[in-house]
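Peer 1: OK, TrEMBL features for this one:
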ACT_SITE  65  active site
DOMAIN    151-347  domain 'ATP-grasp'
ACT_SITE  191  active site
BINDING   314, 316  Mg(2+) 2 binding site
BINDING   314  Mg(2+) 1 binding site
ACT_SITE  325  active site
């Protein structure tokens with residue numbers, strides 16, 4: 001899967017499918033099933049089940065990470081059905097509020113990535129409607145997704161971060177804003193969408209950068225080191241995994257994250273016990289200062305063995321939940337299956 005052209009697309013109508021058992025879905029991918037069976041609210045008649053809890057899983061959506069959301073939702077939907085709940089999957093459109101009024105869910109599993117789901121928009125709506133939902137609330141979600149704001153909080157609370165600089169399209173830079181190597185990051189995208197590393201030998205002119213994900217970006221110094229990933233479940237770090245890049249990959253980009261064979265996962269991370277515990281403690285602190293203490297959170301950091309320093313990169317409030325994803329893999333350290341993990345996330349659902 002290439003790191004290609006991603007964009008946010010406005011979608012007026014949501015698509016809805018309903019499940020009481022896995023037999024209806026069979027071996028089909030969720031995205032294919034929705035294309036075949038999905039109905040808009042005008043053509044949908046909900047089947048009420050008064051015994052089972054009604055869980056609405058909201059995925060897909062309109063963001064640049066729509067495809068990733070569908071990949072995550074596929075396993076989430078199957079697990080919630082296996083847990084014995086009545087499940088309605090919604091590929092979210094602009095009519096989501098009207099749709100939720102009709103569906104009357106007991107709880108919403110927020111499986112969206114990026115815009116409108118991960119940025120606090122959907123949690124805000126669900127707060128107003130008093131519907132419990134998974135994951136962090138409005139402010140925590142919005143700040144965690146905005147790299148500039150989260151970095152400001154990290155810096156103010158003593159969490160070490162790479163040196164960075166906010167660049168606006170209107171600044172009109174024609175030369176490198178900082179010394180190479182450096183990282184270009186959209187302010188509010190996840191899954192490494194739009195992330196680009198500029199190395200000294202690269203043929204790249206900053207004047208040609210098109211600002212595809214908004215008029216502001218973060219330019220960040222490139223820290224050479226070992227990439228550490230921490231799964232934090234409901235505020236508690238449950239394990240640390242190290243990413244080892246393969247096939248001459250130079251950084252952990254979108255393609256590497258979601259394509260098998262581009263990276264090796266070292267679990268648990270092969271560091272000293274002291275460093276392992278330090279990494280977990282730093283991940284918990286990062287989540288705490290952002291108030292990201294509900295649901296499954298993935299914390300990314302770099303361990304520079306040369307400087308013996310940990311550098312915080314990102315707190316991801318909606319990490320991937322695919323079969324290749326890091327958090328379900330780390331959860332196996334605590335003998336938690338994928339279904340167990342979904343159950344834990346679901347049980348902590350609440351509104352603010």
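Note that Cβ sites are derived from N, Cα and C of the backbone, with glycine treated the same way.
Because TrEMBL annotations are produced automatically, they should be read as predictions rather than curated entries.
Can you tell me where each of these features sits in this structure?
Peer 2: Using a 10 Å radius centred on the Cβ of residue 65 (active site) and all shown protein chains, the other Cβ atoms total 26.
Predicted-model confidence for the domain 'ATP-grasp' (151-347) is 90, expressed as mean pLDDT.
Of all Cβ atoms in the shown protein chains, 20 besides its own fall within 10 Å of the Cβ of residue 314 (Mg(2+) 2 binding site).
For the recorded site, residue 314 (Mg(2+) 2 binding site), the DSSP three-state label reads strand.
Under the DSSP three-state reduction, residue 325 (active site) is assigned to coil, being neither helix nor strand.
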Peer 1: By a simple count, how many Cβ atoms lie within 10 Å of the Cβ of residue 325 (active site), its own Cβ left out?
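Peer 2: Its Cβ has 21 other Cβ atoms within 10 Å.
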Peer 1: Expressed to the nearest Å, what is the distance separating residue 325 (active site) and residue 316 (Mg(2+) 2 binding site) at their Cα atoms?
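Peer 2: Distance (Cα to Cα, whole Å): 13 Å.
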Peer 1: For residue 316 (Mg(2+) 2 binding site) and residue 65 (active site), what Cα-Cα distance in Å is obtained after rounding to a whole number?
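Peer 2: Distance between the two Cα atoms comes out at 13 Å.
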